[in-house]
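Reviewing the structure listed below.
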Amino acid sequence: MEKFRVIGSTQPLVGEVTISGAKNAALPILFASILAEEPVEVANVPHLRDIDTTMELLKRLGAKVERNGSVHVDPSSIDEYCAPYDLVKTMRASIWALGPLVARFGQGQVSLPGGCAIGARPVDLHITGLEQLGATITLEDGYVKAHVDGRLQGAHIVMDKVSVGATITIMCAATLAEGTTVLDNAAREPEIVDTAKFLNTLGAKISGAGTDTITIEGVERLGGGKHAVVADRIETGTFLVAAAVSGGKVVCHNTQAHLLEAVLAKLEEAGALVETGEDWISVDMTGRELKAVNIRTAPHPGFPTDMQAQFTLLNMMAKGGGVITETIFENRFMHVPELKRMGAKAEIEGNTVICGDVERLSAAQVMATDLRASASLVIAGCIAKGETIVDRIYHIDRGYDKIENKLNALGAKIERFRESN
């Protein structure tokens with residue numbers, strides 16, 4: 001199993017980094033390509049394990065898929081309608097295959113998915129939404145099976161709770177439904193907006209993405225087209241926090257400030273100088289005192305849960321005692337005990353973590369537990385005294401495109417290695 005060896009330093013992280021395309025947009029867009037009857041080209045797709053798994057899954061369904069810079073998908077040859085367990089077991093996003101399959105082919109089945117172990121992420125909202133569009137759903141032998149005679153039917157759907165994943169499933173399926181679908185209490189994340197842009201490029205008629213009411217006028221078919229994936233706002237935020245906690249200055253290119261306004265506001269509150277341009281953001285912490293901030297995670301445009309672990313680390317290194325409340329997922333403080341192994345001060349009370357400040361962390365052997373928490377451990381290693389070993393880095397590879405190379409370019413000392421048995 002691969003690990004990171006991180007040599008800590010008091011030197012600030014300084015330099016420039018190019019942000020990759022957003023995994024959370026690239027995945028639904030690749031699955032949404034199932035809806036098309038002609039070839040599509042998707043640019044700015046990050047190099048990640050989940051992307052590779054998705055491309056393999058599309059191939060298993062019969063699509064022609066190749067990557068040379070952009071990802072090219074020809075879904076016209078799809079002739080299988082089942083996403084099998086051996087591919088799905090590592091990745092929750094595979095549920096996004098179900099809506100497009102039943103919408104275009106009248107049938108689809110997906111093995112109940114795996115992925116990060118952060119709380120309950122039931123597929124109920126996906127299933128309920130597809131049922132309201134007229135699909136018959138059954139659970140058999142560990143598979144979610146969907147079927148419809150003829151086309152799905154447009155409907156007025158009010159989501160029981162805000163869900164990014166279910167919003168994408170319903171929006172994608174409704175593009176080929178007969179009639180108009182109105183989706184109320186929809187999630188508003190930038191990745192949903194980007195998926196809608198992609199579908200509209202292929203001929204869909206979607207309006208209101210980015211608001212809590214999305215309207216989809218069903219069309220009979222989708223053609224081909226080209227699309228570039230939106231920047232990864234979480235990767236952007238991760239590198240900006242790395243600059244802040246190390247007392248450095250980092251410029252992130254190929255990203256936009258409007259994608260993470262809540263994060264930038266909290267960085268400014270923490271004492272950082274934040275500057276933005278059309279396609280870049282910089283954080284400068286040189287000679288500034290890091291101040292703790294209070295955070296409450298919330299659906300977009302609130303503070304993103306995927307930045308919670310990074311700001312937990314920030315609060316541990318900052319003056320004062322910051323309080324972070326997690327409202328999206330339960331069981332999302334698994335990074336806290338690992339950071340405490342490095343000398344951090346923090347107490348968990350229910351869905352809240354209260355951080356104390358320490359002068360400097362000490363190196364330790366720590367274990368990555370989920371995708372975003374893992375990044376906070378790597379950054380902690382960069383600023384700790386001594387040599388930190390981060391285990392189970394496959395979690396990081398699921399969401400960050402060459403994180404060690406990008407951090408090393410800023411002055412970090414991170415080595416990927418495989419421990420011999």
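Placement of Cβ uses the backbone N, Cα and C atoms for every residue, glycine included.
Keep in mind that what you see is a predicted model, and the values were worked out from it rather than measured.
Copied over from Swiss-Prot, here are the features:
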type: ACT_SITE; residues: Cys116; note: active site, proton donor
type: BINDING; residues: Lys23, Asn24; note: phosphoenolpyruvate binding site
type: BINDING; residues: Arg92, Arg121, Pro122, Val123, Asp124, Leu125, Lys161, Val162, Ser163, Val164, Asp306, Ile328; note: UDP-N-acetyl-alpha-D-glucosamine binding site
type: MOD_RES; residues: Cys116; note: 2-(S-cysteinyl)pyruvic acid O-phosphothioketal
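Figure note: comparing Cβ neighbours within 10 Å for the binding-site residues Asp124, Asp306, the maximum is reached by Asp306.
In this structure the alpha carbons, written CA, of Lys23 (phosphoenolpyruvate binding site) and Asp306 (UDP-N-acetyl-alpha-D-glucosamine binding site) are 12 Å apart.
Of all the Cβ atoms in the protein chains shown, 26 others lie within 10 Å of the Cβ of Lys23 (phosphoenolpyruvate binding site). Ranked by how many other Cβ atoms sit within 10 Å of their Cβ, the binding-site residues Arg92, Lys161 place Lys161 at the bottom. With the fewest other C-beta atoms within 10 Å around its C-beta, Ser163 stands out among the binding-site residues Asn24, Ser163. Cα to Cα, Asp306 (UDP-N-acetyl-alpha-D-glucosamine binding site) and Asn24 (phosphoenolpyruvate binding site) are separated by 11 Å. Counting in whole angstrom, Asn24 (phosphoenolpyruvate binding site) lies 19 from Lys161 (UDP-N-acetyl-alpha-D-glucosamine binding site) by their C-alpha atoms.
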